[in-house]
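So that you can see what the record holds, here are the features copied from TrEMBL:
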DOMAIN    295-472  domain '3-hydroxyacyl-CoA dehydrogenase NAD binding'
DOMAIN    475-561  domain '3-hydroxyacyl-CoA dehydrogenase C-terminal'
DOMAIN    597-683  domain '3-hydroxyacyl-CoA dehydrogenase C-terminal'
Ligand code: 3HC
């Protein structure tokens with residue numbers, strides 16, 4: 001099947017790209033487009049060519065799935081050189097998104113028309129790359145480096161209106177971009193030889209260079225672990241200082257080097273893992289989601305309020321419910337204040353805040369949930385409370401309404417069982433702050449209806465979340481693995497490490513916070529209560545809580561927080577307490593390197609992940625990584641815990657776990673059978689049966 005259809009509209013040829021779903025520039029598309037270009041240029045009756053596209057995207061960029069394979073000719077830079085150097089004008093008709101290589105195609109054209117809804121961007125930075133087909137050279141020539149550099153640095157696409165203002169597109173139309181592009185192509189053909197972006201130098205001014213250097217300095221200072229920011233700076237600098245051919249060669253060399261970088265590979269793995277997570281066994285397009293016109297959220301605490309904001313942000317009316325007027329007033333005011341921060345920062349106008357607030361109806365009493373198509377309970381984390389609420393909801397909610405619990409740990413099947421409609425009940429686990437964090441764990445208990453799961457997935461996307469469907473077990477995927485890490489952190493303290501050493505190892509790895517700083521922030525009493533409810537103990541953590549050192553809110557936890565400071569200081573009393581615990585257990589304390597600490601924190605998580613995979617709680621290793629990347633701030637360039645484990649080597653992880661299990665006598669550290677099996681076979685997690 002050819003991916004490009006060449007048609008004639010008077011004396012203009014139109015090459016219409018058709019490579020579903022998003023017209024990625026696969027080898028076949030590149031070859032077909034080059035052929036269409038040659039054909040149009042050779043046809044004496046054709047004065048110009050329009051490049052248009054079928055489907056929801058103009059072109060979504062290079063085909064990311066081809067990265068890592070030997071490049072098949074024609075490579076993109078060669079195709080774009082042929083377009084730019086064509087003897088007759090070539091005009092891009094951009095409807096939908098023009099991203100990465102897709103925008104680079106448009107930049108190589110001699111004119112660009114966009115529809116109002118189009119979006120244009122160079123998102124390569126998010127994949128650990130830089131534009132690799134002339135974007136870093138042609139965009140600064142077209143719109144100036146001071147505007148081009150931030151676009152490439154953020155990777156965020158810009159709306160067509162802004163593209164017009166920047167001179168990135170020549171014309172904006174309500175509809176029929178192809179018709180307008182044909183008209184522009186004819187106009188350009190009448191003017192003789194086309195203007196080539198690569199030959200322009202009017203924007204390569206000292207003022208642009210100066211503005212760019214200031215932006216570059218700032219960007220480099222903030223670039224952290226990613227090598228592509230420095231590469232981007234170097235490429236744009238080449239655009240400003242070197243002839244086009246040399247600039248293109250510089251860009252290409254940098255791009256190819258980044259393709260082989262492990263951090264960049266991890267980001268590409270994440271791109272596909274997140275998309276694969278959307279594919280859920282048993283839920284295909286034949287399962288029709290239920291309509292969601294109105295929602296209700298029970299509990300107006302920080303979590304409930306954040307969830308209500310998610311609905312309001314997506315334009316869905318929501319009733320926020322509490323048990324007393326005083327509590328709902330407080331919760332409602334907190335939502336208003338949270339929006340207030342955005343208004344203060346300038347990321348939201350007062351008018352938008354009012355629009356969002358108007359979508360949130362405060363109410364007292366569960367009866368207010370009667371009209372909702374979905375009810376999300378975000379009340380106290382205790383089974384008795386959940387049972388009571390779901391029992392009442394069963395009599396109040398309308399038939400067909402979805403009843404969801406935001407529980408972080410509890411058994412959703414048990415919650416569903418108190419209703420007469422367990423097929424309508426599932427878990428929707430948001431992460432705090434719910435209006436910010438991207439992850440939505442959709443907990444699928446055994447008896448839930450398929451269309452309820454499909455509705456939850458669709459709703460999650462509508463709320464701007466990354467939904468991951470998981471099985472029902474204690475803590476589901478994320479918190480079950482977090483618990484493994486928490487136990488590991490406690491073991492490290494008893495064995496000889498100190499809180500700041502453990503935290504530093506994790507922040508050095510790329511996390512924003514270590515486990516103890518995090519626990520102090522969340523409140524150490526939360527996990528203490530949970531441990532007590534389950535008859536579990538953790539000697540150091542319990543001793544700290546017994547002293548009322550609950551964390552930041554009490555001014556003391558694993559660290560001291562003088563006068564409400566947010567950054568903790570080492571606390572000699574805590575350190576003495578830890579030493580006492582070690583002594584009481586007969587442990588001779590020893591020091592640990594950051595590398596040892598990391599292995600001891602992360603290997604048990606991977607072990608738990610392997611069990612989760614084996615039990616079918618997660619469908620694939622990529623789902624587990626998606627959970628950790630979007631719910632727990634695992635550094636994206638490390639690809640998630642399962643990807644990280646593969647990069648370390650599963651055999652190494654097995655050996656380290658065996659050693660830890662032998663040392664500690666803790667059987668939970670014995671390598672999971674799946675982990676052992678894959679390591680013995682020299683395979684990765686992608687070889688598991690569930691994938
Ligand atoms: N290459 C290969 N596959 C791609 C792709 C690409 N550039 N972009 C999207 N896809 C695939 C997805 O994997 C998904 O496949 P699946 O259905 O089998 O899971 C399918 O297209 C649809 O993608 P989404 O689910 O993301 O669809 P949306 O409608 O939500 O979003 C989109 C569409 C905005 C185009 C989004 O997919 C996107 O942002 N794509 C990536 C864009 C990008 O990063 N481009 C730069 C590529 S690098 C490059 O061009 C280098 C160059 O400079 C040389």
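Placement of Cβ uses the backbone N, Cα and C atoms for every residue, glycine included.
These numbers come from a predicted model, not from an experiment.
Over the domain '3-hydroxyacyl-CoA dehydrogenase C-terminal' (475-561) the predicted model carries a mean pLDDT of 95.
Sorting the domain '3-hydroxyacyl-CoA dehydrogenase C-terminal' (597-683) by DSSP state (H, G, I as helix; E, B as strand; all else coil) yields 67 helix, 0 strand, 20 coil.
DSSP labels the residues of the domain '3-hydroxyacyl-CoA dehydrogenase C-terminal' (475-561) in these numbers: 58 helix, 3 strand, 26 coil.
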